[in-house]
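**Student:** Please find one structure pasted underneath; my questions will follow.
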Amino acid sequence: MIIPIRCFTCGKVIGNKWESYLGLLQAEYTEGDALDALGLKRYCCRRMLLGHVDLIEKLLNYAPLEK
């Protein structure tokens with residue numbers, strides 16, 4: 001869905017790092033190197049980006065108000 005603004009465990013702001021993370025992955029960084037470059041050292045914050053599935057574009061195809 002939408003990337004969480006803060007880490008669920010420690011509360012660090014991570015929402016502003018999603019676009020940068022995707023850019024680093026496009027630039028052939030590994031997942032671990034991209035997270036290190038963004039300054040995400042705690043495993044709780046790292047899992048927030050690694051485990052995120054971006055489904056918002058797919059869900060917009062199923063607007064319930066349109067008939």
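Glycine is no exception: its Cβ is also placed from the backbone N, Cα and C atoms.
Not my notes, these are from Swiss-Prot:
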- CYS7, CYS10, CYS44, CYS45: Zn(2+) binding site (BINDING)
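Help me see these features in their spatial surroundings.
**Tutor:** Non-local neighbourhood of CYS10 (Zn(2+) binding site): ARG42, CYS44, CYS45, each in the same chain, at least six residues away, with C-beta under 8 Å from its C-beta.
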**Student:** Looking at the binding-site residues CYS7, CYS44, CYS45, which one has the fewest other Cβ atoms within 10 Å of its own Cβ?
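**Tutor:** Relative to the other binding-site residues in CYS7, CYS44, CYS45, CYS44 has the fewest Cβ atoms within 10 Å.
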